[in-house]
Amino acid sequence: MKRVHNFSAGPAALPLEVLEIVQDELLDYHGTGTSIMEKSHRGKEYTKVDAEAKERLTRILGLGDDFHIMFLQGGATAQFMQVPFNFLEEGQTADYINTGVWSQKAIKEARLFGNVHIPFSSEDEDFIRVPANDELELSGNPRYVHFTSNNTIYGTQFRSEPDSNGAPLVCDASSDFISRPIDTDRYGLIYAGAQKNLGPSGVTVVIVKKDFLQTNTKQNIPTFLNYHSHSKRIFNTPPSFAVYMVNLVLQWVEDKGGIPYFQKLNNQKAELLYTTIDQDDFYTGTADVDSRSKMNVTFRLPTEELEQRFISEAEEHGLVALKGHRSVSGIRASIYNACSMESVKVLTDFMKEFRSKRG
Ligand code: PMP
């Protein structure tokens, strides 16, 4: 077996320990003679998995009991539509901070349901940064304020929650979920596709504050898309294998020491990478220094030809998936929770060697 150092932006590297448990349990889940995939989602084994995953997430994020946790399908992309379907009506305004392509996709969907006000956009600056609080020009009384906490493509990340002047925050946290602490009280809703920091693709975690959900009194929402349908029970057949894996990843997160452990580790990994980039002007970080992401580290080399060579030589060293998003090119190293310090060390050693060979 040969495992490589995987810097994929998503679906991303999963903890080896988790994959080994999955492998071990695949044919015979806990002595039941079937895999977890082959069990009823109403049966005792799966309902335990579902409950355990929700309890773990509650503990990890310090949520208290004023939130519902839902395991939905359709990716973060479905949430771009489902959030305004539930919370935005004609005549109402929601504020959407525009920090990249994912924010824009969310904005496009919200406009189908109500007014969208953009309190800040870095589009004119090629999305190289996120706003400071004093740059936000909020509308008078927004229904909610939406932001993308980590911009996977551009390698930018909010340092902390934007100031929404008391309005509930709605966050697309797909690419930095459970990588650091969040101020849960300020959120109405948080959603995250699992396939970066949380598990495999196929499930999206949606956390909604009970009070905020109560403000959804719209009548014309298809039953499946209404959060009320999912908030208190498993509504229909869930992506059970993906949720099972999420539960194992959450167990791994807790065993390691929870968010404090990963926040420290993620800071150290990012610091090592950015220090290597900043050593001289061979590598150039693409994001504004104050907006740099600790999850997706994006940088350029002096020429595109050198970038191609960097990517192919890296692969020969067992360092894979370093190509930047097709819309921006360059290099992107995604270093989510499951990316080890060792992988980042191997990458930075390779970067130094690659650079030193070029004078
Ligand atoms: N939001 C962010 C921040 C993302 O990084 C992505 C995927 N890369 C998406 C949304 C879209 O997610 P999905 O493909 O799960 O719908």
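Placement of Cβ uses the backbone N, Cα and C atoms for every residue, glycine included.
Worth saying up front: this structure is predicted, and the values here are computed from it rather than measured.
According to TrEMBL, the L-glutamate binding site annotation covers Arg42. The annotation pyridoxal 5'-phosphate binding site is assigned in TrEMBL to Ala76, Thr77, Trp102, Thr152, Asp172, Gln195, Asn236, Thr237. The annotation domain 'Aminotransferase class V' is assigned in TrEMBL to 5-347. Among the features that TrEMBL reports, N6-(pyridoxal phosphate)lysine is placed at Lys196.
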Taking the binding-site residues one at a time (Thr77, Thr152, Asn236, Thr237), which has its Cβ surrounded by the most other Cβ atoms within 10 Å? Thr152
Of Ala76, Thr77, Trp102, Asp172, Asn236, Thr237, listed as binding-site residues, which ones have a Cβ less than 6 Å away from ligand 1? Ala76, Thr77, Trp102, Asp172
CB contacts for Lys196 (N6-(pyridoxal phosphate)lysine) [other CB atoms within 10 A, all chains]: 29
For Ala76 (pyridoxal 5'-phosphate binding site), which residues of its chain lie six or more apart in sequence with Cβ-Cβ distance below 8 Å? Trp102, Asp172, Ser174, Tyr191, Ala192, Gly193, Thr204
Consider the binding-site residues Arg42, Thr77, Thr237 and say which one has the Cα lying nearest the Cα of the residue listed as 'N6-(pyridoxal phosphate)lysine'. Thr77
Arg42 (L-glutamate binding site) and Asn236 (pyridoxal 5'-phosphate binding site), Cα-Cα, nearest whole angstrom: 10
Gln195 (pyridoxal 5'-phosphate binding site), number of other Cβ atoms within 10 Å: 24
About how far apart, in whole Å, are the alpha carbons (Cα) of Thr152 (pyridoxal 5'-phosphate binding site) and the residue listed as 'L-glutamate binding site'? 36
Here the binding-site residues are Thr77, Gln195, Thr237, and the Cα closest to that of the residue listed as 'L-glutamate binding site' is found at Thr237
What is the number of other Cβ atoms found within 10 Å of the Cβ of Asp172 (pyridoxal 5'-phosphate binding site)? 28
Given the binding-site residues Arg42, Trp102, which one's Cβ is surrounded by the fewest other Cβ atoms within 10 Å? Arg42
Over the domain 'Aminotransferase class V' (5-347), what is the model's average pLDDT? 97
With H, G and I counted as helix, E and B as strand and the rest as coil, say where DSSP puts Asn236 (pyridoxal 5'-phosphate binding site). coil
